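J.: Mind looking over this structure? Questions follow.
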Amino acid sequence: MSLFDWFANREKAEPPVLQPQSPQEREVADGLWTKCPACGVLTYTKDLQGNWMVCVECGHHLRVDSDERIRQLIDAKTWQPINEHLRPTDPLKFKDRKSYKDRIRDTQKATDLTDAVQTGHGRLDGLPIALGVMDFRFMGGSMGSVVGEKLCRLIEYATLERLPVVIICASGGARMQEGMLSLMQMAKISGALQNHREQKLLYIPVLTHPTTGGVTASFAMLGDLILAEPKATIGFAGRRVIEQTLREKLPDDFQTSEYLLHHGFVDAIVPRPQLKRTLAQLISLHQPFYPILPPLNADSNQVNPELVLSHTALAVDNQISVNQDG
């Protein structure tokens, strides 16, 4: 066959038929890589998860769900969820483009969550804590009656067990579909936190992107120490609403964690990879010193009591020896 005939036959041949991808193959392909919304760089998803869902190129903190937050903060096999049975109802029979009841059902199916917060207790670097993690995927992390009840019960449990409380905040505010029932959660959670504080117990909220509305106006700003992630949007009313009300241009960094740190509304901005270690250090510093006393029949000349500080505390030595008098 001549070269001319070969090219002629090739042109007549039908192009190969591309087989469409199955939904499973397409899902795997879509999940292999994640595009940074800030710089646009594609990163292998497993590498991104290994870096706490922080872009390796620009340092942008990608939004993470509540399950990932728990995995990042709580020691393996120590997480014990509580009050998982609580589910929202539709007392107002609210309906916009779809009924609130249908919206709840669809969101529960999409996220595999009962509502916008997970609560429980576990160990953070060996330290027992009570933890609440809000999930923005569930109706924008909005605070309804179930979110308020779960957080309130978590704080009451922590008060009873004398545990520090950490709440990861990510919310658009109160849930309008529940009306006054959602707004009253602000006062209810604040009251539970006051009882917790009166017992000299530690509460640390961590403000992530975004933390706005009724959450900001209540428990997000009531911490003994308030931490925030870099470049998180934190505020009450929206930027456009404030500009239209005041009729003036706001600073470019307005309602960011850096702006709030500069004006004294948050105590520290902590990058996500350092969050667990920072929380462990702060909780350890708040823990009391526990004296280890010798047995009653021990030789007092050979045994020295020690004051033990948790291994994660900011101390030069992990154990501080105290010499006995005489």
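Each residue, glycine too, has its Cβ placed from N, Cα and C.
Keep in mind the model is a prediction, meaning the values are calculated, not measured.
Among the features that Swiss-Prot reports, domain 'CoA carboxyltransferase N-terminal' is placed at 32-301. As annotated by Swiss-Prot, Zn(2+) binding site applies to C36, C39, C55, C58. According to Swiss-Prot, the zinc finger annotation covers 36-58.
Show me how these features fit into the shown structure, please.
T.: For C55 (Zn(2+) binding site), applying a Cβ distance below 8 Å and a minimum sequence separation of six or more within one chain yields C36, A38, C39, V41, T43, L48, H61, L62.
Here the zinc finger (36-58) has Cβ contacts under 8 Å with residues 64, 68, 72, 271-273, 275 of the same chain, all six or more residues outside its ends.
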J.: May I have the DSSP-based helix, strand and coil counts for the residues of the zinc finger (36-58)?
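T.: Looking at the zinc finger (36-58) with DSSP, the answer is 6 helix, 4 strand, 13 coil.
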J.: Highest Cβ count within 10 Å among the binding-site residues C36, C39, C58: which residue is it?
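T.: When each Cβ's neighbours within 10 Å are tallied, C36 leads.
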